[in-house]
Amino acid sequence: MNALLEQKEQQERLREAAALGDIREVQKLVESGVDVNSQNEVNGWTCLHWACKRNHGQVVSYLLKSGADKEILTTKGEMPVQLTSRREIRKIMGVEEEDDDDDDDDNLPQLKKESELPFVPNYLANPAFPFIYTPTAEDSAQMQNGGPSTPPASPPADGSPPLLPPGEPPLLGTFPRDHTSLALVQNGDVSAPSAILRTPESTKPGPVCQPPVSQSRSLFSSVPSKPPMSLEPQNGTYAGPAPAFQPFFFTGAFPFNMQELVLKVRIQNPSLRENDFIEIELDRQELTYQELLRVCCCELGVNPDQVEKIRKLPNTLLRKDKDVARLQDFQELELVLMISENNFLFRNAASTLTERPCYNRRASKLTY
């Protein structure tokens, strides 16, 4: 049972490869012993029917040499030769045309009745595959003779200049109309010779003005700047233009030195009316809790033993090195000190009137 299912699967793969024009897959399946005259159970089509339907002349020639029957009928009574729209395939099938004057009939499909099938196969509903290349008659002859086959260079349909043929040095020219390719070349993601199109011979590369790059670029972009590329020929090729300047926009104040983390620190003391922050710098390579505590105490003139905790405003407690590593530039921190009688900050600070123990709120509201 499994062998029968595998055999049907191989036959279906052969019909699909013939419909796609994949001559290598067709040869591989035929050489492995797949029946070239096997028919689909629904519509009765063989691999030769599909090759004629899609006008793959090379596949048709190979199937006929492999013993494909060109007289097999489908469930609608169609022979393979009736499904093709090209005269060269009809000649391969052995059908001679009486009227050979008009060459425009080669690409005219024959009118056929609409399919009566309840469904449309996937390879029929989506016939175009961009990676499938249909060889021409010359390529067919080269493949049969054992020579290499290369796709011929054809000009683009939109009127743009043709791409560089292999073996010729790329010339400096205009970029394609697609701005995405231009952006990729300017950003350095794609090499310039592969994205530049060839220009007519009368066009010569002229001087290109390079915009001056100021020293402030290091403040806007963390990406190291690339040296400008020269337009002089190097080993017979022209290098592309210099990458475009793309500033890095930062929401908020931007630190001057990227190696340092700038923080705002103060001592928590609600008794003082003016309790300003000071800025400290930490090395980004040493973002640890002990280093933060050491720098804060050194800058504020506080003994580390007096620090009870470090608070990230408004209400987050810093406890370990990972908390310090998550800090951003210009975040506000507060050192909470232990309250004691020997604390010079709290001893000298003048408490407000409402915090004194002898303050009477009811008496303050009386009117005399």
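Using the three backbone atoms N, Cα and C, a Cβ is placed for every residue, glycine included.
Feature list (source: Swiss-Prot):
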- MET1: N-acetylmethionine (MOD_RES)
- 9-38: repeat 'ANK 1' (REPEAT)
- 43-72: repeat 'ANK 2' (REPEAT)
- 93-115: region 'Disordered' (REGION)
- 139-176: region 'Disordered' (REGION)
- 149-169: compositional bias 'Pro residues' (COMPBIAS)
- 196-238: region 'Disordered' (REGION)
- 212-224: compositional bias 'Polar residues' (COMPBIAS)
What are the DSSP helix/strand/coil residue counts across the repeat 'ANK 1' (9-38)?
21 helix, 0 strand, 9 coil
Beyond the flanks of the repeat 'ANK 1' (9-38) by 6 or more, those residues with Cβ under 8 Å of it:
45-48, 50-51, 53-54, 56, 58-59, 62-63, 66-69, 72, 123-124, 127, 129, 132, 134-135, 143
Across the repeat 'ANK 1' (9-38), average pLDDT on the 0 to 100 scale:
89
